[in-house]
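TrEMBL has this to say about the protein:
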type	residues	note
TRANSMEM	7-30	transmembrane segment
TRANSMEM	123-141	transmembrane segment
TRANSMEM	204-231	transmembrane segment
TRANSMEM	243-260	transmembrane segment
DOMAIN	263-334	domain 'DUF1736'
TRANSMEM	281-301	transmembrane segment
TRANSMEM	321-340	transmembrane segment
TRANSMEM	361-384	transmembrane segment
REPEAT	490-523	repeat 'TPR'
REPEAT	608-641	repeat 'TPR'
REPEAT	674-707	repeat 'TPR'
REPEAT	742-775	repeat 'TPR'
Amino acid sequence: MKKAKKVITPILIPTCYHYLLVALLAGIVYSNTLKADFVYDDRFFGILQDLDYCRWKLQKTPTFRPAILSNDDVLGRSTWSSLVTTNDFWGNPIRLEGSHKSYRPLITASFRLQFEWHGLKSGLFHGVNLLCHIFNSLLVLKLARQMKVMSDDVSLFSSLLFACHPITSEAVCSIVGRADLLTTTFILLALTSHITSSNTIRTIFLAVLAVLSKETGIILIPLVVAYDVLYKNPTTKQFRRDITNHLIALSIICYLRLSVNNFQSPKFSKNDNPVAHDPNLLTRALTFLYLPIFHLKLIVFPKTLSFDWSMDAIPKVESILDSRFILAGICYTVGVKMIWELFLGRSQDRDSESYKKNNAVLFLLGFLTIPHILSSNLFTYVGFVAAERVLYPNTVAYCILLGYGVDVVCKRFPTINPLPLLILLLSLFSYRTMQRVDDWKTEESLFSSALEVNPTKAHMNLGFVFTTQKNFDLAKFHYQQALRRKANLADAWYNLGILTSKTNSTQEAIHYYQKALQSRSNFAAAHLNVALLLHDANQLQKAFFHLDACIQNSGDTLKSYRNHRKTQATCAYNKGRFLQKSGDFHVAIENFKLALEIIDGAHFEHTSSVLNSLGTCYNELGDVASAERYFQMAISENHVNSFLTMAHLKIRQNQSYEVERLLQKAMTLAPESVTVIQNIALAEYHMQNYNRSLLFYRKALSLNPSHVESLQGIANLLQESQNYAESEIFYRKIMEILPDSYSSHANYGAILHLNQKYEQALKAYDTALILNPNDDVARENRQKVMRILRRKRNL
């Protein structure tokens, strides 16, 4: 007698705990994301500026995409209406030719509300993303059960797999990935609610929310229509009415969304999408046909992942004999055959189990492929070759399909216990996801993780990271590595210019900036920095050429329009400063006003400095009324220097009652500023409050004993008060700090002269005359000392 085969009974987990398990797993594997910083697209790789000249020190290494940290829409520097009606996701006017055309006001609004609530606390931004992912994982469990193609235990596996799938890590860990998270939320809400109870208005409302979260949300209505076509009776009036309403709504949403773009397609650089710029049609076609299979491979085998797949991370497919194209051909053939058999294999009975299961698989296959169509480059070019976060909704369908496959195997081979294998798969995926969460914690770890996948981009970004860490040698190494692989990287050349300018290698820095301009002629920041260096080198004509080149480029075709305009304003401001120093006040005023015109009311860090400079120029021209008007405007922006300049102006007008108020405000704004305290001391001196002046000079020197302006002020004050002995101490200190300054030696000689230390005074005058043979005052004082010494020797 044959022994009966033992049927393996799976370990059953009570259904009431399934949702809790899914939420726990998603929360555990992504818990470390709460400790992560703003990274990559979340932040704008900052531009540091020198307060004296607005000299731009650092430039973002890859591209200008300030999604959060320097997005005026997020930081509340722009109106809510501009966020909704005029700006793209990155804060630039969406109707410009160079706009990214990403219109996601719901996501930007969520960032802005969070900023207003808790500021720039990265952990809380990441926390919202994590909550979205947990909620989506629960919706996946609900959808898997509604599909009715597997047991409850296997549907639990599908949702657990989604909760810990490594391919979801970019969408969850990158704060800007909230667009993909929230879009998927609305899609899943629409599908699960539609399957439970059809409601056209609710579906259209959720579709609008999905599209306002990200462009891929447009697939929501096609997915609902696909479900109705597969599951509902097409002969009923209700079916035809629902389909018609959905298609009309889809057409209206598409039209409105395209009208926001001004019916323009976005344009992307060759570095973002090199395949789209390849002149060979066959290469473009073969590569784009392979990319969906590449994305599928990322979902199925998520071992090799990267923050960026641009540039040459994915080699182009240039021949039909390429193994990758052959693989793609096999996958497409198998896919078409599977879909064909599912259609033909359906029972004629719409209520039968096999009919419903075939339809469920067909629907899930549609859910797996439809979201990828918009980003496949097959219909319109997008700003990437491959991207992990766009696969977030596709992964929903993949996990449910894999669960269905497990269920089929379990039913066909009831003696096989799949539990150990499923636990192993969940463990491996959870471990890989936690690795990626750690990679996404900091920019250094994120970019380092991609050195093997996308070395050019990774090296370039690491160069920036090490620059911010002031590890300049390592930064230079990474920039050079990036340029060795791709010589036309304008950002890398630019940042090399910054690094070399820090070491006072002016000519080398100019060379690097010029290389950056050869790669990108409209690189505004490069024009600005090379102009500043040329000005320092006294090559004024060339400096003004580059400033004008920057100012005259509109930047309408640039992705970084807002930042380009700020750089233009900085160029106009610097040009005005140079002209102001040379005494050309009228033309300087024109450039300062041009800077304000370029900004046109937008947030600009140096608006108050521009206004203060305008006031200074008008004051030099004797137009006191205009000077006061601009000083008042600068004061309204709490510009410290304007309070000080206005105070000195009021002193000259004998309005001492106003002076005290202005000085107190300056002191309130910058109580520890040596410059502010020194200016207050100077103002008190001009008002003949010598004791108070002396007090403030001493306070300034207690904060910075080597502050030359304070040393000179107190030395002069003590000299005028005939306290020559103490004055000598301060003049000597100035001479020690400025040994190459002829005036420091001349002044020290003069105080020694007054203190009757003639031999030392003679040496000080001699040194001053060596440094500046044309100093007539020092020569005359030296002659006086010589006469005194001769008389003494004669006696």
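Cβ from N, Cα, C; glycine included.
A TrEMBL annotation is a machine prediction, not a hand-curated record.
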List, by number or range, the same-chain residues at least 6 past the repeat 'TPR' (742-775) whose CB is under 8 A from its CB atoms? 715, 719, 724-725, 727-728, 731-732, 734-735, 781-782, 784-786, 788-789, 792
Could you give the number of helix, strand and coil residues in the repeat 'TPR' (490-523) as assigned by DSSP? 27 helix, 0 strand, 7 coil
Whole-number mean of pLDDT values that fall within the repeat 'TPR' (490-523): 85
Residues from the same chain, set at least six apart from the ends of the transmembrane segment (281-301), whose C-beta lies under 8 A from its own: 165, 167, 275, 314, 316-320, 322, 324-325, 327-328, 331-332, 369, 372, 376-378, 385-386, 388, 391, 394-395, 398
Same chain only, please: residues at least 6 beyond the ends of the transmembrane segment (204-231) with a C-beta under 8 Å from a C-beta of the stretch. Say none if there are none. 102-107, 179-180, 182-183, 186-187, 189-191, 193-195, 198, 239, 242-243, 245-247, 249-250, 253-254, 257, 356, 359, 362-363, 366-367, 370-371, 373-375, 390, 393
By DSSP, what is the split of the repeat 'TPR' (608-641) into helix, strand and coil residues? 28 helix, 0 strand, 6 coil
Counting only residues 6+ away from its ends, which parts of the chain sit with a Cβ under 8 Å from the transmembrane segment (321-340)? 286, 289-290, 292-294, 296, 362, 365
Taking DSSP H, G, I as helix and E, B as strand, the domain 'DUF1736' (263-334) contains 32 helix, 0 strand, 40 coil
Counting by DSSP secondary structure, give me helix, strand and coil numbers for the repeat 'TPR' (674-707). 27 helix, 0 strand, 7 coil
